[in-house]
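S.K.: Take a look at what Swiss-Prot says about it:
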- TYR168: phosphotyrosine (MOD_RES)
- 184-186, 210-213, 264-266, 366-370, GLU417: NAD(+) binding site (BINDING)
- ASN187: site 'Transition state stabilizer' (SITE)
- GLU286: active site, proton acceptor (ACT_SITE)
- CYS320: active site, nucleophile (ACT_SITE)
- SER351: phosphoserine (MOD_RES)
Amino acid sequence: MTSSKIEMPGEVKADPAALMASLHLLPSPTPNLEIKYTKIFINNEWQNSESGRVFPVYNPATGEQVCEVQEADKADIDKAVQAARLAFSLGSVWRRMDASERGRLLDKLADLVERDRAVLATMESLNGGKPFLQAFYVDLQGVIKTFRYYAGWADKIHGMTIPVDGDYFTFTRHEPIGVCGQIIPWNFPLLMFAWKIAPALCCGNTVVIKPAEQTPLSALYMGALIKEAGFPPGVINILPGYGPTAGAAIASHIGIDKIAFTGSTEVGKLIQEAAGRSNLKRVTLELGGKSPNIIFADADLDYAVEQAHQGVFFNQGQCCTAGSRIFVEESIYEEFVRRSVERAKRRVVGSPFDPTTEQGPQIDKKQYNKILELIQSGVAEGAKLECGGKGLGRKGFFIEPTVFSNVTDDMRIAKEEIFGPVQEILRFKTMDEVIERANNSDFGLVAAVFTNDINKALTVSSAMQAGTVWINCYNALNAQSPFGGFKMSGNGREMGEFGLREYSEVKTVTVKIPQKNS
């Protein structure tokens with residue numbers, strides 16, 4: 001094959017002096033943030049749980065309690081489903097609303113998120129531990145773009161006429177499915193909230209959504225904005241609670257027509273089983289990953305090192321897309337490892353509210369312990385620990401940026417999703433070899449390849465068993481493009497036009513006519 005060079009975006013290198021000089025231009029966290037919304041949101045009203053139970057919410061940077069939130073269980077889910085079914089009933093305000101008006105409401109919601117962007121970013125940092133500037137510029141930007149993207153789609157979803165045989169007039173309608181149950185994770189609480197509700201509302205559905213018990217605060221705040229935007233009562237209902245109670249009630253509820261879940265593969269299996277046992281509700285699952293990132297010797301090495309670093313360590317490594325299996329061609333392996341270790345050692349770990357922080361804490365003690373246990377397994381199985389590997393001796397759940405070399409495919413750290421700041425670097429010799437090894441996984445969410453040869457890039461991308469493949473980039477997610485997994489990384493697609501298919505049913509209508517004319 002003839003080599004054809006691919007143009008890559010230039011690497012951005014931060015000037016520390018320039019950064020410090022420009023800090024006054026950056027957005028600031030909201031000081032003394034008041035947590036106003038801690039109750040269940042049903043029918044546009046704030047309510048206590050039927051049981052009267054509450055649960056604590058923590059700041060992972062300190063381990064200290066922030067507040068208590070009402071704990072929803074099956075009784076509360078029943079109330080929410082009843083409200084959502086009423087809002088979806090024929091002749092309701094929501095069902096009779098013009099599609100363009102649904103779009104206007106989503107646009108209004110985006111406006112309100114923009115207005116309260118600093119408050120919401122502060123909440124994501126306080127409750128989730130992510131750096132404030134990441135929350136402000138990445139998470140909140142994604143939320144706003146998602147709402148605006150689907151606002152534009154609302155009055156552009158339509159069927160078609162079909163020239164069937166005989167004296168008939170046949171057309172299709174794209175109708176909302178009904179009441180959608182949605183369960184979202186703790187790693188991107190607000191972004192996943194938007195990913196779930198925006199396409200559902202765009203298509204005219206109603207929603208019962210459960211945020212993760214670790215991070216309910218931003219979702220509850222959105223309840224106030226939803227009401228302010230003018231959504232009718234019962235259209236969106238927000239219920240904080242635990243998976244085995246509130247989550248299980250959503251998955252098995254016969255009054256829910258569709259369920260969408262983002263989280264672990266293990267829980268995804270349980271949800272699909274519950275959906276089948278109850279009313280065979282429609283299911284969309286966005287699950288775990290163990291994504292390969294393939295670096296060829298002809299790649300721009302500095303650029304590839306930085307992209308691979310961000311692809312693993314972004315969001316404290318708490319990404320389903322994390323490129324944790326980094327396959328590096330043998331001739332550049334040692335140099336790639338050396339530069340990756342240097343970069344990991346420069347990574348700034350600290351308070352989420354410090355503008356120089358790149359990495360905050362893990363979400364909770366359970367995840368912290370799981371990550372450290374997997375790191376120890378890597379050492380025990382013979383991988384070389386190049387740097388990191390320990391928790392930091394401070395309050396909160398901080399872990400050092402960790403890099404392993406000499407990793408082999410049979411090690412636990414090469415097979416299991418770590419969901420933490422741990423980079424595993426493997427070596428390969430040939431393209432055929434690396435394709436086979438990269439695909440040798442139960443997961444198939446994303447993959448990436450770095451090379452200046454377009455033929456290599458397209459050969460690898462077409463061979464990868466993954467829902468998304470990035471060439472000379474990583475984590476390039478957009479509201480306009482579909483996202484979802486192969487194999488045990490899930491089913492269905494979110495985002496883009498394809499995301500609308502998950503929230504609509506196609507109905508065929510045929511009319512007998514006296515005479516058909518072409």
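Positions of Cβ are set from backbone N, Cα and C atoms, glycine also.
Mind mapping these onto the model and telling me what they sit next to?
M.R.: Annotation for TYR168 (phosphotyrosine): same-chain Cβ neighbours under 8 Å, separated by at least 6 residues, are THR510, VAL511, LYS512, ILE513, LYS516.
DSSP assigns PRO211 (NAD(+) binding site) to coil in the three-state reduction, placing it in neither a helix nor a strand. Counted within 10 Å of its Cβ, the other Cβ atoms near PRO211 (NAD(+) binding site) come to 27, all protein chains included.
Sequence-distant neighbours of ASN187 (site 'Transition state stabilizer') (same chain, 6+ apart, CB under 8 A from its CB) are GLY128, ASN315, GLN318, CYS319, CYS320, ILE363, PHE419.
Within the same chain, residues at least 6 positions away in sequence whose Cβ sits under 8 Å from that of GLU286 (active site, proton acceptor) are ALA260, PHE261, THR262, CYS320, PHE483, GLY484, GLY485, SER489, GLY490, GLY492, GLU494.
In the three-state DSSP reading, CYS320 (active site, nucleophile) counts as coil.
DSSP gives SER351 (phosphoserine) a coil state; it is part of no helix or strand.
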S.K.: So how many other Cβ atoms are close to CYS320 (active site, nucleophile), meaning within 10 Å of its Cβ?
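M.R.: The answer is 26.
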S.K.: Using a 10 angstroms cut-off on Cβ to Cβ distances, just flag whichever of ILE184, TRP186, GLU213, THR265, LYS370 is the loneliest among these binding-site residues.
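M.R.: So among ILE184, TRP186, GLU213, THR265, LYS370, the binding-site residues given, the one with the fewest Cβ atoms within 10 Å is LYS370.
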S.K.: What is the total of other Cβ atoms whose distance to the Cβ of SER351 (phosphoserine) is within 10 Å?
M.R.: 19
S.K.: Which of the binding-site residues TRP186, GLU213, TYR368, LYS370 has its Cα nearest to the Cα of SER351 (phosphoserine)?
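M.R.: That would be TYR368, nearest by Cα distance.
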S.K.: Provide the number of Cβ atoms within 10 Å of the Cβ of TYR368 (NAD(+) binding site), excluding the reference atom itself.
M.R.: 20
